[in-house]
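Since the structure comes first, as structure tokens, the remarks are kept for the end.
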Amino acid sequence: RFIAKPCAINLGIQDSGPHRAQPNAILEKVFTSITKSPDGTRLEGLSKQLDWDVRKIQRWFRHRRNQDKPTTLTKFCESMWRFTFYLSIFFYGIRFLWTAPWFWDTRQCWYNYPFQPLTSRLYYYYILELAFYWSLMFSQFTDIKRKDFLIMFVHHLATIGLITFSYMNNMVRVGTLVLCLHDASDFLLEAAKLANYAKYQRLCDAFFMLFGVVFIVTRLGIYPFWILNTTLFESWELIGPYPSWWLFNGLLVTLQVLHIIWSYLIIRTASKALVRGKVSKDDRSDVESSSEEEDVTSNSTKGIFSTSSNGSNRLNGHVAGGQWTGE
């Protein structure tokens with residue numbers, strides 16, 4: 001309200017929503033009471049009833065669906081908030097872990113377990129992360145529902161479960177490594193979205209490509225060979241098969257499966273960018289193109305987070321957020 005909104009206005013982002021649908025009582029009743037996406041049979045019936053062309057009715061429903069979406073300014077403010085949190089918590093985690101012995105030797109995560117002290121800095125790191133992911137869990141039901149809603153829901157559940165479970169079992173050392181690793185790429189995605197909303201397309205593409213590289217390196221490289229290696233093998237070697245070993249590692253492996261899915265989406269988007277010379281529309285966008293059938297040539301002017309003709313777009317949260325979130 002006091003920082004993000006003035007920044008957006010200074011960048012020329014207006015608080016204007018998508019093109020509003022022409023008022024029509026019959027179509028509005030169908031939209032609110034029956035369906036928001038009528039099938040071919042219903043479209044034909046409405047066409048005869050209103051004496052409208054079928055494509056005109058389809059455009060009306062697209063506009064009507066899109067007019068309930070958040071404005072670009074609202075999404076800029078949300079992305080700026082997430083960017084601020086992800087960047088701050090990442091540097092907090094790096095600064096804290098840089099002097100921690102288990103950051104350099106993961107076997108230290110299991111020495112003298114479970115009699116390991118919980119310092120105040122470690123405690124606040126955990127509580128901040130847990131509070132943030134709980135907020136994402138609840139806000140997901142009030143935000144615009146995206147294609148990856150189920151994947152993000154599972155991700156939030158697994159993350160909250162891991163944070164809570166590792167805290168209760170005093171596995172906070174390895175927990176901090178997981179948290180810091182996941183925060184390494186999230187702020188880059190939010191930065192790409194901010195650049196996109198401000199219409200700095202080259203900067204947006206650069207941030208997205210950097211995000212993709214960091215995401216794949218951390219989630220498909222460092223995570224399995226560093227984190228999973230210590231939780232699956234080093235812990236078994238040093239403290240034996242403790243009772244919760246299967247649950248703990250099951251949640252961690254679930255996260256790895258989600259990493260693979262998101263990496264596929266990122267690589268597919270990047271591949272399209274290389275072919276077209278720019279980044280194409282996000283596969284999980286929350287806004288439909290209002291000229292989807294009439295103006296396919298407009299795609300040649302769009303970049304990776306391409307803005308549709310109504311000026312609204314989204315990559316989330318985590319690929320994607322987004323959030324792709326985005327997160």
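Cβ coordinates come from backbone N, Cα and C, glycine included.
Residues or ranges marked as domain 'Homeobox' by TrEMBL: 27-71. Residues in the domain 'Homeobox' (27-71) partition by DSSP class (helix H, G, I; strand E, B; coil) as 31 helix, 0 strand, 14 coil.
Mean pLDDT of the predicted structure over the DNA-binding region (29-72): 81. Annotation comment: TrEMBL describes 29-72 as DNA-binding region.
Marked as domain 'TLC' by TrEMBL: 74-275.
For 83-103 (among others), the entry in TrEMBL reads transmembrane segment.
Nonlocal intrachain contacts for the transmembrane segment (123-142), taken as residues 6+ away from its ends with a CB within less than 8 angstroms of a stretch CB, comprise 85, 89, 92-93, 96, 149, 152-153, 156-157, 159-160, 163-164, 167, 172, 175-176, 179, 323, 327. Taken from TrEMBL, the feature transmembrane segment applies to 123-142 (among others).
Same-chain neighbours of the transmembrane segment (207-226): 106, 177-178, 181-182, 184-185, 188-189, 191-192, 195, 255-256, 259-260, 262-263, 266-267, 269-270, 273, 279, 304-305, 315, 319, counting only residues six or more beyond its ends whose CB sits under 8 Å from a CB of the stretch. Per TrEMBL, the feature transmembrane segment maps to 207-226 (among others).
The transmembrane segment annotation in TrEMBL covers 246-267 (among others). Residues 151, 154-155, 158-159, 161-162, 165-166, 169, 171, 178, 211-212, 215-216, 219-220, 223-224, 227-228, 231-232, 283-284, 318-320, 324 of the same chain sit 6 or more residues outside the transmembrane segment (246-267) yet have a Cβ under 8 Å from a Cβ within it.
What TrEMBL records for 283-327 is region 'Disordered'.
Taken from TrEMBL, the feature compositional bias 'Polar residues' applies to 301-315.
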